[in-house]
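Asks: Pasting in a structure now, in structure tokens, and then I'll have a few things to ask.
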Amino acid sequence: MESRSSSVDSRLSGRGAGSISTTPLSARVESYEAAEKKCISDVRRTFCLFVTFDLLFITLLWIIELNVNGGIEKQLDKEVLHYDYHASFFDIFLLAVFRFAALILAYAVCKLRHWWAIAITTAVSSAFLIVKVILSKLLSQGAFGYLLPIISFVLAWIETWLLDFKVLPQEAEDDSRYQSIMDATQRAPLLHPGPLSDGQFYSPPESVADSDEELDDKHDPEKGLI
């Protein structure tokens, strides 16, 4: 009886350990499934916010430049309606709009997981700004002739760094972790014993020694009287 109870206890304890070990896995699976249901990951949302900041910051600097150089209406007529590549800042604003539209479309709407879109926008921005600084007369127009091209160039490369070193590696790591947890949950039922059935509880047969003693008592009448 003691051996039977100890075996049952060991089976029950084994079942309890299995249920405890599978509980964290199920919790992790639920958390990753909830993350998969999100429209966009946290790191990708941060990247899209920075792209929006790029457009708004360049727009703000351009508006300040219009006010400083003679008023918004007068400068808009000069830089937009009578556009001059060598003296206008309007094309730097359009370059920021191009980066914003391309990156939001690629990484927020289409949820692209490749670097080719950011490579195109950064290459176009860098080439255009370098050529404009060399050929135009922006450097002779005060502080904004230095400020707008430099800030636009730096923001474009910060976006490249964020996507290449933060967004894509983090999402790839999350996907691999989720896949490993799913594989572990699929293997978990094979590793842990199933529930105990009623057929596993049985009484052991009577021993041979007890049966011999009972037969001797039946054949010996004196032992029966005593």
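Cβ coordinates come from backbone N, Cα and C, glycine included.
Residues or ranges marked as region 'Disordered' in TrEMBL: 1-21, 189-226. Annotation source TrEMBL lists compositional bias 'Low complexity' at 1-14. What TrEMBL lists as domain 'MENTAL' is 40-211. Annotated transmembrane segment per TrEMBL: 47-65, 85-108, 115-135, 141-158, in sequence order.
Describe the structural surroundings of these features, if you would.
Replies: Same-chain residues lying 6+ beyond the ends of the transmembrane segment (85-108) with a Cβ under 8 Å from its Cβ atoms: 40, 44, 47-48, 51-52, 54-55, 58-59, 62, 65, 78-79, 117-118, 120-121, 124-125, 128-129, 132, 135-138, 141, 144, 148-149, 152, 156, 159, 163, 167.
Long-range contacts of the transmembrane segment (115-135) within the same chain: residues 85-86, 91-92, 95, 98-99, 102-103, 106-107, 149, 152-153, 156-157, 159-160, 163-164, 168, each at least 6 residues beyond the stretch ends and with a Cβ under 8 Å from a Cβ of the stretch.
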Asks: Against which stretches of its own chain does the transmembrane segment (47-65) lie, if we need a Cβ under 8 Å and a gap of at least six residues from its ends?
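Replies: Distant Cβ neighbours of the transmembrane segment (47-65) are 40, 72, 75, 89-90, 92-93, 96-97, 99-100, 103-104, 107-108, 144, 147-148, 151-152, 155-156, 158-159, 162-163, 166-167.
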Asks: If you average pLDDT over the domain 'MENTAL' (40-211), what do you get?
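Replies: The predicted confidence over the domain 'MENTAL' (40-211), as a mean pLDDT, is 86.
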